[in-house]
Amino acid sequence: MLYKGDTLYLDWLEDGIAELVFDAPGSVNKLDTATVASLGQALEVLEKQHDLKGLLLRSNKAAFIVGADITEFLSLFLVPEEQLSQWLHFANSVFNRLEDLPVPTLAAVNGYALGGGCECVLATDYRLATPDLRIGLPETKLGIMPGFGGSVRLPRMLGADSALEIIAAGKDVGAEHALKIGLVDGVVKQEKLIEGAIAVLRQAITGDLDWRAKRQPKLEPLKLSKIEAAMSFTIAKGMVAQTAGKHYPAPMTAVKTIEAAARFGREEALNLENKSFVPLAHTNEARALVGIFLNDQYVKGKAKKLTKDIETPKQAAVLGAGIMGGGIAYQSAWKGVPVIMKDINDKSLNLGMTEAAKLLNKQLERGKIDGLKLAGVISTIHPTLDYAGFDRVDVVVEAVVENPKVKKAVLAETEQKVRPETVLASNTSTIPIGELASALERPENFCGMHFFNPVHRMPLVEIIRGEKSSDETIAKVVAWASKMGKTPIVVNNCPGFFVNRVLFPYFAGFSQLLRDGADFRKVDKVMEKQFGWPMGPAYLLDVVGIDTAHHAQAVMAAGFPQRMQKEYRDAIDALFDASRFGQKNGLGFWRYKEDSKGKPKKEEDAAVDDLLASVSQTKRDFSDDEIIARMMIPMINEVVRCLEEGIIASPAEADMALVYGLGFPPFHGGAFRWLDTQGSAKYLDMAQQYQHLGPLYEVPEGLRDKTRHNEPYYPPVEPARPVGSLKTA
């Protein structure tokens, strides 16, 4: 053994070839600060071996290196800019030493090589991959850019266009594509990986392969003519401006850095990467996006822990077909859980099967599946008008019309047709779980399972714990949701549960703005372009359905009369009374017509202004800041109340539910991350300016306490250790 660290070791393999093996404790390798330092120490040993002829890098895990240790990011990003810059210089000196070894080097890459893992293998001369490889640089999705030389080496290896596509979009690619663009030099079966790697190294050692020529372009300026450079970078900047926009600075910074570094050799190019990375790491956007990643891991980990002793359902059923039922059936079947889809008429069943077939055909058109796979999946969805097969079902979700009498009757009837241990769930969005459970003989086997539309796209499923729901029931439904590829978040029962409960105060803020003379078009524009929502409130109401919102608004007002009962006729009432139900009937705040792809396209409709004039004061202009404050304060206050009342268990789960269920702008990180970034004192000052507007704008006492004690909602993070100690970790 030449060297042994905590996460890697170095040893002789054969005939002058050494192997450097990443083998961290636990299931995966991460390129954390300690591993970077350990890699430096291993290279120090290696540089002294006079009989060294070649070096093989490999992993003892199912994945090569999954990336940097993102749990370290928040503390690293608090280190002063100069110290963070110094540490990056140190880390890059380690990868440069790997790249500068006087012998050929090869990385045998299996599974994942992402982020820092990808940057590590870019420093070797050759890369041999297994067919299951996913390799790429996802840093821009975390609000940063490659910091270990990825923005320097990748363009010099692949050319500007391919590298820009991967870096700016934060993409990873499979083995076949990586081979095609030159990111790897060969693809071999896992069992042949080491043998193949040694064979390539031997060819390089004997001179049959010119490893020096392979290395040289990575050390030099990017080989691009002025015209080629102008075209590549102009197109890339245009695409990034269009897709990322101003709220996500990392992709544009990465493109501009690669452009500026193109005319320099490695050292100067790395300096430019360093100068761009450090300011990005100190942005609120980076902290928010890293926070989302960590919250996602927390939520998924909690679901995994909850279901560790639970068998995933093997057979499911959906009550009620149509678009929603068909979407749920598709998602279950697509992820490998056969499903019975029951309805009371053929027309609805046909609609449900058509929806599932349409979604599968889209997968076929995109080349994700072949005809055989399509036929296999669709055959696991069994449409029926009766209860045949329900005695074999492990879990049933009811998705019939949003009417308590109908739902209770359907659930009670179904309970008689299934085994005693079968779990029943309701996809209700507003009806209290306790009310539905009252119709059942086994309420402990019942809970809420709230999907979001469209089911195949929306990641969140709210699992609602009723007063009598057993832990096992919750765990079984969480297991099914996880198997479906969804992110399940368990909430306690209340009107609207969590997501709808916090959404309707936001809509109430919108209604008050319109009542006071705001133009809905400007409100939408500000909330989309300035705050960052994917849709403004008017457009969102049209998509949800004005009739659906009108009904839900009444339910919420009955549930929370003190805050959500209104004493005036609002825009939702006016549109509902005029039978303008949104996209579903082509008339809402906008008029809708199908575009060339058959998707609804919104158009101005002057008739709306006349309708809204009856429920609003004279038009007046509101500043962007005032619109944002009046829209967001009711939502934020309600989110805080939900945490205080135990409806949602943690800030992390609340923020992920908002991001995954409502499209809360990820660069804000969620309501609690946004609050912590603003500071509760600043938020309180802002909210108090609007408390005259009514109870929705009154800040909860718990948030006032946070302000008095200067406490954040997320645990405080300490800056990482001084950079000098990182070097010798």
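Cβ atoms are placed via backbone N, Cα and C, with glycine included.
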Per Swiss-Prot, which of Asp296, Asp343, Asp346 sits in the NAD(+) site along with Met324, Val400, Val401, Glu402, Lys407, Ser429, Asn453? Asp343
List nothing but the largest Cα to Cα distance in Å, as a whole number, among the residues Asp296, Asn500, Tyr660 that the record says bind substrate. 21
Quick check for you: of the recorded positions Glu119, Met324, Asp343, Val401, Asn453, which have their Cα within 10 Å of the Cα of Asn500 (substrate binding site)? none
Which one is closest to Glu402 (NAD(+) binding site) in space, judged by CA to CA distance, out of the recorded positions Glu139, Asp296, Tyr660? Tyr660
Which of the listed binding-site residues (Met324, Val400, Val401) has the least company, meaning the fewest other Cβ atoms within 10 Å of its Cβ? Val401
Between the two most separated Cα atoms in Met324, Asp343, Val400, Val401, Glu402, Lys407, Ser429, Asn453, the residues recorded as binding NAD(+), what distance in Å do you get? 20
Tyr660 (substrate binding site) and Glu119 (site 'Important for catalytic activity'), Cα-Cα, nearest whole angstrom: 30
According to DSSP, Glu139 (site 'Important for catalytic activity') sits in helix
Can you figure out which of Glu139, His450, Tyr660 (the recorded positions) comes closest in space to Asp343 (NAD(+) binding site), comparing Cα atoms? His450
DSSP says His450 (active site, for 3-hydroxyacyl-CoA dehydrogenase activity), in three-state terms, is strand
